Amino acid sequence: MLGWTLREVSAALKQGQITPTELCQKCLALIKKTKFLNAYITVSEEVALRQAEESEERYKKGHSLGELDGIPVAVKDNFSTSGIETTCASNMLKGYIPPYNATVVQKLLDQGALLMGKTNLDEFAMGSGSTDGIFGPVKNPWSYSKQYREKRKQKPHGETEDSNWLITGGSSGGSAAAVSAFTCFAALGSDTGGSTRNPAAHCGVVGLKPSYGLVSRHGLIPLVNSMDVPGILTRCVDDAAVVLGVLAGHDCRDSTTVQDPVKPLTLPNLTDVSKLCIGIPKEYHVPELSSEVQSLWSKAAKLFESEGAKVIEVSLPHTRYSIVCYHVLCTSEVASNMARFDGLEYGHRCDINVSTEAMYAATRREGFNDVVRGRILSGNFFLLKENYENYFVRAQKVRRLIANDFVNVFNSGVDVLLTPTTLSEAVPYVEFIKEDNRTRSAQDDIFTQAVNMAGLPAVSVPMALSNQGLPIGLQFIGRAFCDQQLLTIAKWFEKQVQFPVIQLQETMDDCSSVFENEKLTSVSLKQ
(Lines of atoms letter the chains of each structure in order from A and count residues from 1; the text may use other names and numbers.)
(Lines give C-alpha, C1' and ligand atoms only; values in the text may rest on other atoms or scores of the structure.)
Protein backbone atom coordinates (compact mmCIF):
# COMPACT_ATOMS: atom_id res chain seq x y z
CA MET A 1 0.00 0.00 0.00
CA LEU A 2 2.92 2.39 0.64
CA GLY A 3 3.76 2.13 -3.05
CA TRP A 4 0.32 3.31 -4.12
CA THR A 5 -0.37 6.74 -5.53
CA LEU A 6 -1.90 9.46 -3.37
CA ARG A 7 -5.27 9.09 -5.07
CA GLU A 8 -5.25 5.30 -4.61
CA VAL A 9 -4.47 5.41 -0.90
CA SER A 10 -7.01 8.21 -0.43
CA ALA A 11 -9.68 5.95 -1.93
CA ALA A 12 -8.54 3.10 0.37
CA LEU A 13 -8.94 5.39 3.40
CA LYS A 14 -12.45 6.38 2.34
CA GLN A 15 -13.42 2.75 1.81
CA GLY A 16 -12.05 1.74 5.22
CA GLN A 17 -9.42 -0.64 3.80
CA ILE A 18 -6.91 1.05 6.12
CA THR A 19 -7.13 3.72 8.82
CA PRO A 20 -5.06 6.92 8.91
CA THR A 21 -3.34 5.68 12.09
CA GLU A 22 -2.34 2.38 10.49
CA LEU A 23 -1.05 4.19 7.41
CA CYS A 24 0.89 6.66 9.55
CA GLN A 25 2.47 3.86 11.59
CA LYS A 26 3.53 2.05 8.41
CA CYS A 27 5.23 5.19 7.10
CA LEU A 28 6.94 5.88 10.44
CA ALA A 29 8.24 2.30 10.53
CA LEU A 30 9.66 2.67 7.03
CA ILE A 31 11.22 6.04 7.91
CA LYS A 32 13.10 4.32 10.73
CA LYS A 33 14.05 1.40 8.48
CA THR A 34 15.44 3.76 5.82
CA LYS A 35 17.17 6.03 8.33
CA PHE A 36 20.47 5.40 6.54
CA LEU A 37 19.20 7.43 3.55
CA ASN A 38 19.38 10.54 5.76
CA ALA A 39 16.27 11.93 4.04
CA TYR A 40 14.78 13.41 7.22
CA ILE A 41 16.31 15.90 9.62
CA THR A 42 13.39 15.76 12.04
CA VAL A 43 10.68 13.10 12.23
CA SER A 44 7.56 14.55 13.87
CA GLU A 45 6.23 11.23 15.11
CA GLU A 46 3.99 12.50 17.91
CA VAL A 47 2.52 15.22 15.72
CA ALA A 48 1.80 12.81 12.86
CA LEU A 49 0.14 10.23 15.11
CA ARG A 50 -2.03 12.90 16.74
CA GLN A 51 -3.05 14.18 13.31
CA ALA A 52 -3.80 10.59 12.24
CA GLU A 53 -6.13 10.11 15.21
CA GLU A 54 -7.99 13.31 14.33
CA SER A 55 -8.27 12.18 10.72
CA GLU A 56 -9.58 8.79 11.84
CA GLU A 57 -12.35 10.47 13.84
CA ARG A 58 -13.36 12.49 10.79
CA TYR A 59 -13.56 9.37 8.64
CA LYS A 60 -15.69 7.61 11.25
CA LYS A 61 -18.12 10.52 11.18
CA GLY A 62 -18.08 10.70 7.38
CA HIS A 63 -16.57 14.19 7.44
CA SER A 64 -13.43 13.70 5.33
CA LEU A 65 -11.72 16.98 4.46
CA GLY A 66 -10.73 15.82 0.97
CA GLU A 67 -8.19 13.72 -0.88
CA LEU A 68 -5.33 14.70 1.43
CA ASP A 69 -7.11 13.75 4.66
CA GLY A 70 -4.99 11.13 6.41
CA ILE A 71 -2.24 11.23 3.76
CA PRO A 72 1.38 11.24 5.05
CA VAL A 73 3.43 14.12 3.63
CA ALA A 74 6.90 15.55 4.26
CA VAL A 75 8.17 19.13 4.15
CA LYS A 76 11.61 20.44 3.22
CA ASP A 77 13.34 21.94 6.23
CA ASN A 78 13.33 25.50 4.88
CA PHE A 79 9.56 25.88 5.34
CA SER A 80 8.48 27.26 8.70
CA THR A 81 6.56 24.78 10.84
CA SER A 82 4.93 25.89 14.07
CA GLY A 83 6.40 24.11 17.08
CA ILE A 84 8.72 21.97 14.93
CA GLU A 85 12.39 22.77 14.47
CA THR A 86 13.25 24.45 11.16
CA THR A 87 16.99 24.45 10.48
CA CYS A 88 17.67 25.00 6.77
CA ALA A 89 20.33 22.31 7.46
CA SER A 90 22.48 25.05 9.00
CA ASN A 91 24.23 25.87 12.25
CA MET A 92 22.68 29.32 12.00
CA LEU A 93 19.13 28.02 12.51
CA LYS A 94 19.82 24.78 14.33
CA GLY A 95 17.38 24.69 17.24
CA TYR A 96 15.12 27.40 15.81
CA ILE A 97 11.40 26.67 16.32
CA PRO A 98 9.10 28.98 14.32
CA PRO A 99 5.92 30.36 15.92
CA TYR A 100 3.88 29.91 12.72
CA ASN A 101 3.36 27.64 9.71
CA ALA A 102 4.28 28.54 6.15
CA THR A 103 1.11 29.10 4.12
CA VAL A 104 1.66 25.94 2.06
CA VAL A 105 2.20 23.87 5.22
CA GLN A 106 -0.95 25.29 6.81
CA LYS A 107 -2.95 24.52 3.67
CA LEU A 108 -1.82 20.89 3.77
CA LEU A 109 -2.72 20.59 7.45
CA ASP A 110 -6.09 22.26 6.87
CA GLN A 111 -6.83 19.46 4.39
CA GLY A 112 -6.00 16.80 6.98
CA ALA A 113 -2.54 15.80 5.73
CA LEU A 114 -0.20 14.09 8.22
CA LEU A 115 3.17 15.82 8.67
CA MET A 116 5.77 13.04 8.92
CA GLY A 117 8.71 15.36 9.33
CA LYS A 118 11.19 17.85 7.87
CA THR A 119 13.49 16.72 5.07
CA ASN A 120 17.19 17.21 4.47
CA LEU A 121 18.69 19.70 2.01
CA ASP A 122 21.78 21.69 1.07
CA GLU A 123 22.40 24.43 3.62
CA PHE A 124 19.89 27.23 3.02
CA ALA A 125 18.98 25.40 -0.23
CA MET A 126 22.25 26.42 -1.86
CA GLY A 127 23.42 23.41 -3.84
CA SER A 128 22.55 20.79 -6.41
CA GLY A 129 23.31 17.54 -4.62
CA SER A 130 21.82 17.72 -1.10
CA THR A 131 25.34 17.09 0.15
CA ASP A 132 26.25 20.41 1.76
CA GLY A 133 24.01 20.60 4.84
CA ILE A 134 25.32 20.22 8.40
CA PHE A 135 23.41 16.96 8.86
CA GLY A 136 25.28 15.13 6.12
CA PRO A 137 24.37 14.14 2.55
CA VAL A 138 21.17 12.47 1.42
CA LYS A 139 21.56 9.07 -0.22
CA ASN A 140 19.56 8.23 -3.31
CA PRO A 141 17.19 5.27 -2.70
CA TRP A 142 18.04 4.01 -6.18
CA SER A 143 21.56 3.27 -4.87
CA TYR A 144 19.94 0.31 -3.10
CA SER A 145 17.39 -0.68 -5.73
CA LYS A 146 17.32 -4.12 -7.28
CA GLN A 147 17.56 -2.53 -10.73
CA TYR A 148 20.83 -0.73 -9.93
CA ARG A 149 22.38 -3.48 -7.81
CA GLU A 150 21.97 -6.04 -10.55
CA LYS A 151 23.97 -3.78 -12.87
CA ARG A 152 26.58 -3.20 -10.17
CA LYS A 153 27.30 -6.93 -10.00
CA GLN A 154 29.16 -6.51 -13.25
CA LYS A 155 31.57 -4.03 -11.67
CA PRO A 156 35.16 -4.89 -10.63
CA HIS A 157 35.65 -6.86 -7.40
CA GLY A 158 36.98 -5.18 -4.30
CA GLU A 159 34.31 -2.50 -4.30
CA THR A 160 32.21 -2.52 -1.13
CA GLU A 161 28.42 -2.55 -1.38
CA ASP A 162 28.10 1.08 -0.31
CA SER A 163 31.33 2.62 -1.56
CA ASN A 164 29.62 4.23 -4.53
CA TRP A 165 26.20 5.37 -3.29
CA LEU A 166 24.49 7.97 -5.45
CA ILE A 167 23.49 11.58 -4.82
CA THR A 168 19.85 12.61 -4.94
CA GLY A 169 20.41 15.93 -6.63
CA GLY A 170 19.52 19.11 -4.84
CA SER A 171 18.65 21.05 -3.01
CA SER A 172 15.35 19.26 -2.28
CA GLY A 173 17.04 15.85 -2.17
CA GLY A 174 15.55 14.84 1.16
CA SER A 175 12.01 15.39 -0.10
CA ALA A 176 12.70 13.48 -3.32
CA ALA A 177 14.27 10.58 -1.42
CA ALA A 178 11.36 10.52 1.05
CA VAL A 179 8.83 10.12 -1.78
CA SER A 180 10.99 7.70 -3.76
CA ALA A 181 11.51 5.43 -0.72
CA PHE A 182 7.75 5.28 -0.01
CA THR A 183 7.99 7.02 3.40
CA CYS A 184 5.34 9.57 2.33
CA PHE A 185 3.02 10.14 -0.60
CA ALA A 186 3.94 13.74 -1.37
CA ALA A 187 6.57 16.20 -0.23
CA LEU A 188 7.22 19.92 -0.47
CA GLY A 189 10.47 21.16 -1.92
CA SER A 190 11.58 24.60 -2.98
CA ASP A 191 12.69 25.51 -6.50
CA THR A 192 14.91 28.50 -7.19
CA GLY A 193 16.84 27.21 -10.19
CA GLY A 194 15.79 23.57 -10.45
CA SER A 195 15.97 22.40 -6.84
CA THR A 196 12.75 20.37 -7.10
CA ARG A 197 13.10 19.12 -10.68
CA ASN A 198 16.77 18.12 -10.39
CA PRO A 199 16.33 15.64 -7.49
CA ALA A 200 13.03 14.45 -8.97
CA ALA A 201 14.87 13.37 -12.12
CA HIS A 202 17.61 11.59 -10.16
CA CYS A 203 15.18 9.84 -7.79
CA GLY A 204 12.62 8.73 -10.36
CA VAL A 205 9.70 10.85 -9.13
CA VAL A 206 7.62 13.72 -10.49
CA GLY A 207 8.88 17.20 -9.61
CA LEU A 208 6.65 20.21 -10.26
CA LYS A 209 7.74 23.84 -10.20
CA PRO A 210 4.50 25.88 -10.44
CA SER A 211 4.21 29.28 -12.11
CA TYR A 212 5.72 32.06 -10.02
CA GLY A 213 2.86 33.66 -8.08
CA LEU A 214 0.56 30.65 -8.19
CA VAL A 215 1.66 29.33 -4.79
CA SER A 216 2.44 31.46 -1.74
CA ARG A 217 6.05 31.85 -0.59
CA HIS A 218 5.04 33.07 2.88
CA GLY A 219 6.98 31.05 5.44
CA LEU A 220 9.49 29.70 2.92
CA ILE A 221 12.82 30.95 4.25
CA PRO A 222 13.95 33.01 1.25
CA LEU A 223 16.91 32.35 -0.99
CA VAL A 224 16.05 34.43 -4.07
CA ASN A 225 12.71 36.16 -3.59
CA SER A 226 12.15 36.82 -7.29
CA MET A 227 12.69 33.17 -8.26
CA ASP A 228 11.75 31.01 -5.24
CA VAL A 229 8.70 28.80 -5.74
CA PRO A 230 7.40 26.04 -3.45
CA GLY A 231 7.81 22.78 -5.38
CA ILE A 232 5.84 19.53 -5.26
CA LEU A 233 7.28 16.00 -5.34
CA THR A 234 5.00 13.01 -5.91
CA ARG A 235 5.06 9.58 -7.53
CA CYS A 236 2.80 10.53 -10.45
CA VAL A 237 1.58 13.62 -12.29
CA ASP A 238 -2.02 13.24 -11.10
CA ASP A 239 -0.86 13.42 -7.48
CA ALA A 240 1.12 16.60 -8.19
CA ALA A 241 -2.07 18.14 -9.57
CA VAL A 242 -4.00 17.19 -6.43
CA VAL A 243 -1.43 18.88 -4.18
CA LEU A 244 -1.19 21.93 -6.44
CA GLY A 245 -4.95 22.31 -6.29
CA VAL A 246 -4.69 22.54 -2.50
CA LEU A 247 -1.74 24.92 -2.44
CA ALA A 248 -2.59 27.35 -5.25
CA GLY A 249 -4.27 30.59 -4.39
CA HIS A 250 -3.91 34.21 -3.38
CA ASP A 251 -2.28 34.90 -0.02
CA CYS A 252 -2.60 38.35 1.55
CA ARG A 253 0.80 37.76 3.19
CA ASP A 254 2.50 37.29 -0.19
CA SER A 255 1.91 40.19 -2.60
CA THR A 256 3.31 38.20 -5.52
CA THR A 257 0.45 35.68 -5.49
CA VAL A 258 -2.33 35.98 -8.06
CA GLN A 259 -5.97 36.62 -7.23
CA ASP A 260 -7.68 33.96 -9.32
CA PRO A 261 -5.36 31.04 -10.05
CA VAL A 262 -6.16 27.94 -12.03
CA LYS A 263 -6.76 25.05 -9.63
CA PRO A 264 -6.04 21.75 -11.44
CA LEU A 265 -7.69 19.38 -8.97
CA THR A 266 -8.49 16.80 -11.63
CA LEU A 267 -6.58 16.43 -14.88
CA PRO A 268 -8.50 15.36 -17.99
CA ASN A 269 -7.39 12.19 -19.75
CA LEU A 270 -5.76 13.46 -22.93
CA THR A 271 -6.31 10.97 -25.74
CA ASP A 272 -5.51 13.05 -28.81
CA VAL A 273 -2.23 14.97 -29.00
CA SER A 274 -2.47 15.67 -32.72
CA LYS A 275 -3.37 19.30 -32.12
CA LEU A 276 -0.35 19.92 -29.88
CA CYS A 277 2.85 21.66 -30.89
CA ILE A 278 5.94 20.55 -28.98
CA GLY A 279 9.02 22.77 -29.05
CA ILE A 280 12.59 21.43 -28.86
CA PRO A 281 15.06 24.23 -27.93
CA LYS A 282 18.14 23.84 -30.09
CA GLU A 283 20.32 25.63 -27.52
CA TYR A 284 19.71 22.76 -25.07
CA HIS A 285 21.80 20.40 -27.22
CA VAL A 286 24.90 21.08 -25.13
CA PRO A 287 28.17 19.10 -25.43
CA GLU A 288 27.99 17.98 -21.79
CA LEU A 289 24.65 16.19 -22.33
CA SER A 290 25.08 12.42 -21.92
CA SER A 291 24.34 10.24 -24.93
CA GLU A 292 21.68 8.33 -22.98
CA VAL A 293 19.74 11.47 -22.05
CA GLN A 294 20.10 12.71 -25.62
CA SER A 295 18.75 9.43 -26.95
CA LEU A 296 15.73 9.42 -24.61
CA TRP A 297 15.02 13.07 -25.40
CA SER A 298 14.90 12.22 -29.12
CA LYS A 299 12.80 9.15 -28.40
CA ALA A 300 10.28 11.26 -26.47
CA ALA A 301 10.03 13.77 -29.32
CA LYS A 302 9.41 10.93 -31.78
CA LEU A 303 6.73 9.53 -29.47
CA PHE A 304 4.77 12.77 -29.71
CA GLU A 305 5.38 12.92 -33.45
CA SER A 306 4.18 9.35 -33.98
CA GLU A 307 0.90 10.25 -32.25
CA GLY A 308 0.30 13.16 -34.59
CA ALA A 309 1.71 16.06 -32.58
CA LYS A 310 3.72 18.72 -34.35
CA VAL A 311 7.32 18.70 -33.10
CA ILE A 312 9.47 21.64 -34.12
CA GLU A 313 12.90 23.01 -33.29
CA VAL A 314 12.76 26.40 -31.58
CA SER A 315 15.35 28.92 -30.48
CA LEU A 316 15.94 30.50 -27.09
CA PRO A 317 18.91 32.63 -28.19
CA HIS A 318 19.73 34.14 -24.79
CA THR A 319 19.96 30.76 -23.04
CA ARG A 320 23.75 30.84 -23.26
CA TYR A 321 23.79 33.83 -20.90
CA SER A 322 21.44 32.28 -18.35
CA ILE A 323 24.06 30.68 -16.10
CA VAL A 324 26.09 33.88 -15.65
CA CYS A 325 22.93 35.97 -15.35
CA TYR A 326 21.47 33.58 -12.77
CA HIS A 327 24.70 33.64 -10.73
CA VAL A 328 24.72 37.44 -10.49
CA LEU A 329 21.04 37.74 -9.60
CA CYS A 330 21.02 34.76 -7.26
CA THR A 331 24.05 35.79 -5.21
CA SER A 332 22.87 39.40 -5.06
CA GLU A 333 19.55 38.41 -3.52
CA VAL A 334 21.28 35.86 -1.29
CA ALA A 335 23.52 38.60 0.10
CA SER A 336 20.45 40.70 0.87
CA ASN A 337 18.41 37.86 2.36
CA MET A 338 21.20 36.45 4.50
CA ALA A 339 21.77 39.85 6.15
CA ARG A 340 18.88 39.11 8.53
CA PHE A 341 20.92 36.36 10.21
CA ASP A 342 23.01 38.57 12.47
CA GLY A 343 22.75 36.80 15.84
CA LEU A 344 20.45 39.40 17.39
CA GLU A 345 16.82 38.33 16.97
CA TYR A 346 16.91 34.58 16.29
CA GLY A 347 19.24 31.81 15.31
CA HIS A 348 22.83 31.17 16.33
CA ARG A 349 24.82 33.76 18.29
CA CYS A 350 28.51 33.49 19.11
CA ASP A 351 30.02 34.04 22.56
CA ILE A 352 32.19 37.00 21.55
CA ASN A 353 31.33 40.24 23.41
CA VAL A 354 34.17 42.50 22.29
CA SER A 355 32.01 44.59 19.96
CA THR A 356 28.86 44.40 17.89
CA GLU A 357 30.91 44.13 14.69
CA ALA A 358 33.00 41.28 16.12
CA MET A 359 29.85 39.49 17.24
CA TYR A 360 28.30 39.85 13.77
CA ALA A 361 31.41 38.52 12.05
CA ALA A 362 31.92 35.55 14.37
CA THR A 363 28.22 34.61 14.34
CA ARG A 364 28.09 34.53 10.55
CA ARG A 365 31.42 32.70 10.30
CA GLU A 366 30.14 29.99 12.67
CA GLY A 367 26.58 29.91 11.35
CA PHE A 368 27.20 29.67 7.58
CA ASN A 369 29.22 27.11 5.64
CA ASP A 370 31.70 27.93 2.87
CA VAL A 371 29.08 27.75 0.13
CA VAL A 372 26.75 30.26 1.78
CA ARG A 373 29.59 32.61 2.75
CA GLY A 374 30.92 32.45 -0.81
CA ARG A 375 27.58 33.45 -2.29
CA ILE A 376 27.19 36.29 0.21
CA LEU A 377 30.61 37.65 -0.73
CA SER A 378 29.87 37.39 -4.46
CA GLY A 379 26.51 39.07 -4.06
CA ASN A 380 27.89 41.93 -2.03
CA PHE A 381 30.56 42.47 -4.70
CA PHE A 382 27.92 42.73 -7.43
CA LEU A 383 25.88 45.14 -5.31
CA LEU A 384 28.74 47.53 -4.58
CA LYS A 385 27.99 51.06 -5.77
CA GLU A 386 30.74 50.92 -8.39
CA ASN A 387 29.58 47.50 -9.66
CA TYR A 388 25.79 47.75 -9.41
CA GLU A 389 25.16 49.07 -12.94
CA ASN A 390 27.71 46.82 -14.64
CA TYR A 391 26.58 43.60 -12.98
CA PHE A 392 23.18 43.63 -11.28
CA VAL A 393 21.36 45.99 -13.64
CA ARG A 394 22.80 44.31 -16.73
CA ALA A 395 21.84 40.90 -15.39
CA GLN A 396 18.26 42.13 -14.88
CA LYS A 397 18.17 43.28 -18.50
CA VAL A 398 19.45 39.91 -19.70
CA ARG A 399 16.84 38.21 -17.52
CA ARG A 400 14.16 40.14 -19.40
CA LEU A 401 15.62 38.99 -22.71
CA ILE A 402 15.58 35.36 -21.48
CA ALA A 403 11.94 35.71 -20.43
CA ASN A 404 11.06 37.29 -23.78
CA ASP A 405 12.61 34.33 -25.61
CA PHE A 406 10.04 32.07 -23.96
CA VAL A 407 7.21 34.52 -24.73
CA ASN A 408 8.20 34.60 -28.40
CA VAL A 409 8.32 30.80 -28.63
CA PHE A 410 4.92 30.33 -27.00
CA ASN A 411 3.40 33.12 -29.12
CA SER A 412 4.56 31.23 -32.21
CA GLY A 413 2.09 28.47 -31.42
CA VAL A 414 4.15 26.13 -29.25
CA ASP A 415 2.14 24.55 -26.43
CA VAL A 416 4.98 23.15 -24.31
CA LEU A 417 8.74 22.78 -24.53
CA LEU A 418 10.36 19.37 -24.13
CA THR A 419 13.89 19.35 -22.70
CA PRO A 420 16.20 17.25 -20.55
CA THR A 421 16.04 17.90 -16.81
CA THR A 422 19.65 17.00 -16.00
CA LEU A 423 22.78 16.32 -18.01
CA SER A 424 22.96 12.68 -16.92
CA GLU A 425 21.70 10.10 -14.45
CA ALA A 426 22.60 10.42 -10.76
CA VAL A 427 26.34 10.21 -10.13
CA PRO A 428 28.21 8.61 -7.23
CA TYR A 429 28.89 10.90 -4.27
CA VAL A 430 32.65 10.39 -4.53
CA GLU A 431 32.55 11.72 -8.09
CA PHE A 432 30.16 14.57 -7.31
CA ILE A 433 32.26 16.14 -4.58
CA LYS A 434 35.32 16.43 -6.85
CA GLU A 435 33.80 19.61 -8.31
CA ASP A 436 33.21 22.81 -6.33
CA ASN A 437 29.65 23.86 -5.53
CA ARG A 438 29.47 26.66 -8.10
CA THR A 439 30.65 24.41 -10.94
CA ARG A 440 28.27 21.63 -9.91
CA SER A 441 25.30 23.98 -9.71
CA ALA A 442 26.06 25.55 -13.08
CA GLN A 443 26.30 22.13 -14.72
CA ASP A 444 23.36 20.42 -13.07
CA ASP A 445 20.87 23.30 -13.35
CA ILE A 446 21.69 24.30 -16.93
CA PHE A 447 18.26 23.21 -18.23
CA THR A 448 16.23 24.50 -15.29
CA GLN A 449 17.51 27.93 -14.23
CA ALA A 450 16.01 29.91 -17.13
CA VAL A 451 12.52 28.71 -16.19
CA ASN A 452 12.81 30.37 -12.78
CA MET A 453 14.07 33.61 -14.28
CA ALA A 454 11.03 33.64 -16.59
CA GLY A 455 8.55 32.61 -13.86
CA LEU A 456 7.17 29.70 -15.91
CA PRO A 457 5.76 26.34 -14.78
CA ALA A 458 7.84 23.23 -15.42
CA VAL A 459 7.63 19.59 -14.45
CA SER A 460 10.17 16.77 -14.53
CA VAL A 461 8.70 13.37 -15.40
CA PRO A 462 10.71 10.13 -15.11
CA MET A 463 10.95 8.47 -18.53
CA ALA A 464 13.17 5.38 -18.37
CA LEU A 465 16.08 3.68 -16.66
CA SER A 466 19.61 4.15 -17.92
CA ASN A 467 21.98 1.31 -18.80
CA GLN A 468 23.04 1.46 -15.14
CA GLY A 469 19.46 0.93 -13.96
CA LEU A 470 19.01 4.56 -12.83
CA PRO A 471 16.16 7.02 -13.52
CA ILE A 472 16.35 9.63 -16.26
CA GLY A 473 13.73 12.37 -16.32
CA LEU A 474 12.64 14.83 -18.98
CA GLN A 475 11.29 18.33 -18.42
CA PHE A 476 8.15 19.95 -19.81
CA ILE A 477 7.96 23.76 -19.72
CA GLY A 478 4.63 25.57 -20.13
CA ARG A 479 3.21 29.04 -20.50
CA ALA A 480 2.87 31.16 -17.37
CA PHE A 481 -0.22 30.13 -15.35
CA CYS A 482 -1.03 27.32 -17.81
CA ASP A 483 -0.04 24.76 -15.19
CA GLN A 484 -3.10 22.64 -15.83
CA GLN A 485 -2.35 22.30 -19.54
CA LEU A 486 1.28 21.49 -18.73
CA LEU A 487 0.31 18.74 -16.29
CA THR A 488 -2.29 17.31 -18.66
CA ILE A 489 0.36 16.83 -21.36
CA ALA A 490 2.84 15.48 -18.81
CA LYS A 491 0.22 12.99 -17.62
CA TRP A 492 -0.27 11.72 -21.18
CA PHE A 493 3.48 11.29 -21.57
CA GLU A 494 3.76 9.52 -18.22
CA LYS A 495 1.08 7.04 -19.30
CA GLN A 496 2.90 6.28 -22.55
CA VAL A 497 6.36 5.62 -21.07
CA GLN A 498 5.23 3.52 -18.07
CA PHE A 499 8.27 4.24 -15.87
CA PRO A 500 9.10 1.21 -13.68
CA VAL A 501 8.59 1.24 -9.92
CA ILE A 502 11.72 1.20 -7.76
CA GLN A 503 12.33 -2.27 -6.30
CA LEU A 504 13.56 -1.78 -2.75
CA GLN A 505 11.86 -4.54 -0.78
CA GLU A 506 14.45 -7.26 -1.39
CA THR A 507 17.41 -5.03 -0.57
CA MET A 508 16.10 -2.92 2.32
CA ASP A 509 16.90 -5.47 5.03
CA ASP A 510 20.47 -5.79 3.75
CA CYS A 511 20.85 -2.02 3.67
CA SER A 512 19.60 -1.63 7.23
CA SER A 513 22.17 -4.08 8.53
CA VAL A 514 24.95 -2.27 6.69
CA PHE A 515 24.09 1.00 8.41
CA GLU A 516 22.78 -0.11 11.78
CA ASN A 517 26.01 0.95 13.52
CA GLU A 518 26.42 4.15 11.53
CA LYS A 519 25.88 7.36 13.50
CA LEU A 520 23.32 9.57 11.79
CA THR A 521 22.84 12.53 14.11
CA SER A 522 20.98 14.23 11.30
CA VAL A 523 17.85 12.19 11.98
CA SER A 524 16.01 13.18 15.12
CA LEU A 525 13.26 10.69 15.89
CA LYS A 526 11.07 12.50 18.39
CA GLN A 527 9.57 10.09 20.88
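Placement of Cβ uses the backbone N, Cα and C atoms for every residue, glycine included.
Please treat TrEMBL annotations as automatic predictions, because they have not gone through curation.
Source: prediction; values computed, not measured.
Lifted from TrEMBL, the feature list:
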type: DOMAIN; residues: 25-145; note: domain 'Amidase'
type: ACT_SITE; residues: Lys76; note: active site, charge relay system
type: REGION; residues: 147-167; note: region 'Disordered'
type: DOMAIN; residues: 167-487; note: domain 'Amidase'
type: ACT_SITE; residues: Ser171; note: active site, charge relay system
type: ACT_SITE; residues: Ser195; note: active site, acyl-ester intermediate
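Put simply, Ser195 (active site, acyl-ester intermediate) is 5 Å from Ser171 (active site, charge relay system) when counted between their Cα atoms.
Taken residue by residue, the domain 'Amidase' (25-145) breaks down under DSSP into 44 helix, 18 strand, 59 coil. Rounded to a whole value, the Cα-Cα separation of the residue listed as 'active site, acyl-ester intermediate' and Lys76 (active site, charge relay system) is 11 Å. When Cβ atoms from all protein chains are considered, those within 10 Å of Ser195 (active site, acyl-ester intermediate) total 37, not counting its own.
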